[in-house]
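Have a look at the structure below, then the notes.
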């Protein structure tokens, strides 16, 4: 089924928005997010590995030809360093590792080089936004006192280590290792990492902590850096398990109805709200369970299962059986969105991602059943003639579509669904680590040091 869904999403993108970043499936035209500046083709690059894994050979071939002829980074525009890294660099790296086609390696390294000026700050903590022509960077104007954002500068590590591996140029890995040095030198309030860090002073901004947006993938990349290093990156491992310990102490709570959730921390006060983005953490806890210190393996799996259950409840308690952007545990409500601007669903993958990890790590059939419920809801409410659209209010009985088919729907949501219903030997966890956009990157085994170098 996810194969047919992918075909519907891809064919319509090709028909109405080919070469543009994303598709507007209701208006049947292209959609351009300012996150990518003037770089085009986000859906193509994001979907490459999904097409390859699903054996959509014709589609993969035409996507590859588009990349060869049209993917151009010489644009005078500001891009989000984080988004371009996870979608474009990640997508190109995976396409290369899966297919062996040299064009993907070449483009990935070329783009990586264009991102390097983002690190030209007093601390080496990169800017959020970069003009890739001029090399001038700046931060989001809304971010606490000109700060860079934890989830943004903390979600470069996997891709940049691979860029060094594939180019033979150590500079990429050095840049991301330096970010860790800065973080390790700083005092962490209650052992937690605030979401804001000033790249000039090297000091924290506001003491907000979140495992959802602004924080999320920083934690994921600590664990995955260790796994991707064939469990040799002891620093990444220690930072991850220490962070989980602090998260458990200060942020993880149980509602009166018995649902485990991860709250947000604002200067010492808890906000009892959990974002859809935070739902990735169930999969993360389960993935990290095996390496957990002092016999905590079972506990981490249990934590993953509890988060998966809470996130499933957030879906189940809506009319559409699709989860809201954020849901709360206060004033007598549990796992329900109480504000209009939190009731939307933009085809996000995090809950399905957690089902996939929980399925692979426990083989409890309920995760496939929950994934199937999500498929039925997507087909019923998000599928339109021209592709798949997000929904403005999941509690409403009739759809109000937002008219965007996000590139991550093809990259993540459909890939995780496909993997949830596939055998475990498709992209097995001992050989592959998924970046935060679901792009699989190979584990760098100790013994294959410079295999790539010798092949060139």
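Keep in mind that glycine also has a Cβ here, set from the backbone N, Cα and C atoms.
The following features are taken from TrEMBL:
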- 83: active site, proton donor (ACT_SITE)
- 216: active site (ACT_SITE)
- 279-311: disulfide bond (DISULFID)
- 325: active site, proton donor (ACT_SITE)
- 350: active site (ACT_SITE)
- 436: Ca(2+) binding site (BINDING)
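Sequence features, as recorded in TrEMBL, placed on the structure.
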residue : record                    : CB count, 10 Å
83      : active site, proton donor : 22
216     : active site               : 25
279     : disulfide bond            : 30
311     : disulfide bond            : 28
325     : active site, proton donor : 20
350     : active site               : 24
436     : Ca(2+) binding site       : 26
Spatial separation of residue 216 (active site) from residue 350 (active site) - C-alpha basis, Å: 11
Separation of alpha carbons, residue 325 (active site, proton donor) and residue 216 (active site) (Å): 14
Among 83, 325, 436, which are recorded as recorded positions, the nearest neighbour of residue 279 (disulfide bond) by Cα: 325
Spatially closest candidate among 83, 311, 325, the listed recorded positions, to the residue listed as 'Ca(2+) binding site' (Cα to Cα): 83
Pairwise Cα distance for residue 311 (disulfide bond)/residue 325 (active site, proton donor) [Å, integer]: 11
